[in-house]
Amino acid sequence: MSETSVKAARGRMICAVLLIGTLLLFARAWRHDFVNYDDPDYVTKNVHVQAGLTAESVRWAFATSDVSYWHPLTWLSHMADWQLYGDHPHGHHATSILIHAINAVLVFLVFRRLTGATWASALCAAVFAWHPLRAESVAWVAERKDVLSGFFALATLWAYAVFAQRRRDAAAGAWWFYGAALALFAGGLMSKPMLVTLPAVLLILDWWPLARVTKKRWVALLAEKVPFGVLSLAVSAITIHAQRAVGTLSEVLPPGARLANAVVAVARYVGKFFWPFDLAVLYPHPGFWPAGRVALAVLFFVAVTGIALWQMRRRPWVLAGWLFFLVSLLPASGVVQVGIQSMADRYTYLTMIGIAVAVIWTVREWVTSRGAAVTLATVVLVMLAARTWNQLAVWRDSLALFDHTLKVAPAGNYLAYNNRGLALFAAGRVDEALSDYRESLAINPTWMEANNNLGYTLAQTGHPAEAIPYYRKALAAKPDQPEVQNNLANALSDVGQLDEAVRLYEAVLARQPDHVNALNGLGVTLAMQGHLPEAVAKFEAALRVDPNSGSAHSNLGNAFAILGRRDEAIASYQRALAVRPDDAPTLNTLANVLEAAGRWPEAVATYRRAIAFAAVNPTAHANLGHALAQLGQRDEAIAELRIALQQKPDDAQARAWLAELERAKN
């Protein structure tokens, strides 16, 4: 076998190990759930994504800057997943894992092409792929943009490396690869705009390892990057506009504080590379770092930069790797503050390749024994893989994620308390959820999300009057929030403040005419005011938007029942139960209407269904007793009425029916 064949076989073997090893390691995330942080915006509550790949949704993907980014290819990937897998999270996770595994292979192919160092490139790819810092980008469905943009960025680097080498060798087809690199770069920018500094990374690679930089060629090299730069500038402008529009671009902190955080973050990122423990989905921004911490970070930055410059001739990969890291991190450095985080594991997805290159190529020079090199590499990779396996467990669901976050990064983490509260509420642990929302508000009293969630939880547990002040605080923080306005309107309606509730519902519908919950809530409130025809119109409008709204069908049935339109009421209740068969209140009201229509056997059967779904249901037990009495089943009727009074001793109607039956029996 020729040397070329041996190298090719070795390359295929390494690619297979990287691909399969990465798939096996991250398979743990395949069975994970969605989480309640960003996944609702990207997938689980995004109606455009859930429409799948339609002409309208594709137009939306290219037109929208929702969640503060313009990244149409990321949206399209989520739409494709929804079309394939629906609301099953396993398929969504599988796509991210597969792309990440492909990226592991690409890192190897890129650096083998750039440097010719097969084993160092393989180790670099494995460190990239199996490092615990990758868990966030791969296991979090909303971070599809990381792995997808990573794919396009790495493919860009590979195509650019081929272009540069063909230009050097005066080989045919060089400019085809240049065009491919430019197109792939555009794809990367349309996946995540953090790639805007990639043209500068190409210049770094021109210096090392491509050795294209000479005094005579600087202008030509810069000219090559102009088309890339134009794309970067265009996407940067779109991104800044989008982030200002949705309010994620923060200028509250002075420039000095933002720069200080950027320098501290650099030191912390390098620390996490070498010691990947206490990783969290959110590291809150402290506002102002202690002066001593900033001074140490500046000292670290200056020292590493100084060493890299000192070694730039003898070990150019140190400076190249350091600059690769810094330049690719720049858009997420916090100099322009976006969001509430001081740093994020996801920002290391591509950036840490630079640190890995600087370290691996240096250690490769120092460790000359093949056996020692293999042993060291094996130990490092096993340790990284073990930590990654453990870190992936953190992402199994929202409760696990935010439990862990509050263990390792509790200080000032109001978002983590809020999101753990959401997870606890979903699990039925209401008191713990209320406690977490209050912890969140103790840190940030004016935060809209926690005020709204605390209000919603109080309202859902039968305390609408207590909920109202929290909804008002939420709206004081962000006045034009349709969901909060709708929640406040619901609570006001529950406590009888009907006129204000109507005004709020109408404000929601002025902004979102197809808001189903507002249409439904307004219909209920209008019915309470006695405006039944108008209420019917609102319920019917809600059902035109969402024909599967069980509550709208049920409320429409209530309105028809009050209007004496029994057949229409019964039909509406039956449609509601087709959507929600276990809806005990609707079963009870349907049985009431059947009873009023003299359809006693059907009423009895329906009351029994209501009780089957909600055993503690004194109203249904009492009504069932009354219906059984009408059918002459006196003993069973008495038994049901006694159960009703056990569950609700002050039910005067049930007590009267029972007394009448017992007198008749005696």
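Any Cβ shown, glycine's included, is placed from N, Cα and C.
Predicted automatically and left uncurated, TrEMBL annotations should be read as such.
Note on TrEMBL: of 10-28, 371-389, the range annotated with the feature transmembrane segment is 371-389. Among the residue ranges 118-135, 262-279, the one that TrEMBL annotates as transmembrane segment is 118-135. Sequence-distant contacts of the transmembrane segment (91-111) (same chain, six or more residues past either end, CB-CB distance under 8 Å): 14-15, 18-19, 21-23, 26-27, 29-32, 34, 43, 77-78, 81, 84-85, 117, 120-122, 124-126, 128-129, 134, 137-139, 141, 143-144, 147-148, 150-151, 154-155, 157-158, 161, 353, 357. Away from its own ends, the repeat 'TPR' (448-481) comes close to residues 414-415, 417-418, 421-422, 425, 430, 433-434, 437-438, 440-441, 487-488, 490-492, 494-495, 511 of its chain (Cβ-Cβ under 8 Å, at least six residues beyond either end). A Cβ distance under 8 Å defines the sequence-distant neighbours of the repeat 'TPR' (618-651), meaning residues of its chain 6+ beyond its ends; these are 584, 587-588, 591-592, 595, 600-601, 603-604, 607-608, 610-611, 657-658, 661-662, 664-665. Relative to the transmembrane segment (317-340), the listed stretch 175-205 leads the set 147-163, 175-205, 371-389 in CB pairs under 8 A.
DSSP places the residues of the repeat 'TPR' (414-447) in helix, strand and coil in these numbers: 27 helix, 0 strand, 7 coil. Among the recorded stretches 118-135, 147-163, 175-205, 371-389, the one sharing the largest number of Cβ pairs closer than 8 Å with the transmembrane segment (346-364) is 118-135.
Away from its own ends, the transmembrane segment (371-389) comes close to residues 21, 25-26, 28, 119, 123, 126-127, 130-132, 134-135, 276-277, 363-364 of its chain (Cβ-Cβ under 8 Å, at least six residues beyond either end). Contact check: the transmembrane segment (175-205) against the transmembrane segment (147-163) gives at least three Cβ pairs closer than 8 Å, residues 6 or more apart, which meets the contact criterion.
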